[in-house]
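> Pasting a structure below so you can have a look.
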Amino acid sequence: LQGIFVLGLPYALLHSGYSGLLLIVLAAALCCYTGKILIACLYEENEDGQLIRVRDTYEDIANACCKKLSPSLGGIVVNVTQVVELIMTCILYLVVSGNLLSHSFPHLPVTEKTWSVIAFVTLLPCIFIRTLKIVSRLSQLCSLVHFVIIFVVITYCLTQMHQWSWAKFRLSLEFENFLVSVGVIIFSYTSQIFLPTLEGNMKNPGEFRCMLNWTHFFACILKTTFALTAFLTWGEKTKEVITDNLPSFLETLVNLCLLTKALLSYPLPFFAATEIVYSCIFNDNHSNYRSPLLALTVRGSFLLLTLLMAMFTPHFALLMGLSGSVTGAAMTFLLPSLFHLKLQWQKLSFLEKCVDISVFILGFLCSLAGIVCSIKRLLEVFG
């Protein structure tokens, strides 16, 4: 899910300087921590002091925290936030697909928005996806293409080492640009939506914490290396989508690979969003839930929504920053720390409580500031 958004990290470094490198590392550590405490909220101790998994989803955790106010209030908030984030992710895939096609075939008299519509047409078969098995196979192909792209870009950057200069990093920052960069970096790590399901399907759930440590460690190394080498290569000329900086003989090839990855990545958030909507609307009414006509209608509506949003908000980095500020910060920092404090207050040490409160405050401030600055930037672009 997060692979395509690594393309915005060099652009984030352009506006955050040395602090951007620290933010990439800090975001990895904080996201790893909030992932662990989110999974901890799925468990309770039994009479023998053993941890038992009593909840299955993010929604279950939210409902447990808000049961005194309303049995389903927390779940509604979480589901709405999840759907918004997933739909925003789908929109970004369409936006970047249009951008990639536009730069791959610059001589054709076709606008970027028209290219987005063409990409949308290729995604119409998504309305027929009914099982996660198909989505998982597409995701495996995405992973392969992702590593090929990263390898090609980094290899080219290494051939330009003679041009590198640390003087390209800014010491003075514009506060608004910096906050947009924070949103971009946060969004590149968001995966908490999928963690409860992932942990529940592991053969050995006891290895989850170790898995989370290693995956975030390697993700941090990869993202830091990619962002740093790309920024050192192009400096002030770094563009919103880093592939736009590549020479023409590589740009078209990499852009087509990225296009393939974006289109293959789209079904995962799309499928997850529609499944959430189904479960919210129909609950246990399986006859309606599996109605072919109703399923096609819901999926078709979601597809059309993503296209319309992609047509009117075509700025990749700014939209990604807004998404990270709104839903990414909430699902990654605010809700996990809040739920952990609520459900396990009596068991937490003073230090753990301080860490959770600090993460919540940090997430709230970043989210609020990022929302204001991202919206302002978008209004300026359209103004």
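Glycine too: its Cβ is placed from the backbone N, Cα and C atoms.
Automatic, uncurated: that is what TrEMBL annotation is.
Not measured: the values here are computed from a predicted model.
According to TrEMBL:
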- 2-375: domain 'Amino acid transporter transmembrane' (DOMAIN)
- 20-43: transmembrane segment (TRANSMEM)
- 76-95: transmembrane segment (TRANSMEM)
- 115-132: transmembrane segment (TRANSMEM)
- 144-166: transmembrane segment (TRANSMEM)
- 178-198: transmembrane segment (TRANSMEM)
- 210-233: transmembrane segment (TRANSMEM)
- 253-281: transmembrane segment (TRANSMEM)
- 293-312: transmembrane segment (TRANSMEM)
- 318-339: transmembrane segment (TRANSMEM)
- 359-379: transmembrane segment (TRANSMEM)
> Is it true that the transmembrane segment (20-43) and the transmembrane segment (178-198) have 3 or more CB pairs under 8 Å, sequence gap of 6 or more?
yes
> At an 8 Å Cβ cut-off, counting only pairs 6 or more apart in sequence, do the transmembrane segment (76-95) and the transmembrane segment (359-379) clear the bar of 3 or more pairs?
no
> Using a Cβ distance cut-off of under 8 Å, indicate which of 115-132, 144-166, 210-233, 293-312 has the most pairs with the transmembrane segment (178-198).
210-233
> For the transmembrane segment (115-132), name the stretch out of 144-166, 210-233, 253-281, 293-312 with the most CB-CB pairs under 8 Å.
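By Cβ pairs under 8 Å, 293-312 leads among 144-166, 210-233, 253-281, 293-312.
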> Against which stretches of its own chain does the transmembrane segment (293-312) lie, if we need a Cβ under 8 Å and a gap of at least six residues from its ends?
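Distal contacts: 87, 90-91, 94-95, 98, 113, 116-117, 120, 123-124, 126-130, 270, 273-274, 277-278.
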> By a Cβ-Cβ criterion of under 8 Å, what residues six or more beyond either terminus of the transmembrane segment (253-281) are in contact with it?
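Answer is 1, 3-4, 7, 76, 79, 82-83, 86-87, 89-90, 93-94, 96-97, 100-101, 103-104, 119, 122-123, 126, 129, 132, 134-135, 138-139, 141-142, 145-146, 148-149, 152-153, 193-194, 243, 246, 289, 295, 298-299, 302-303, 306.
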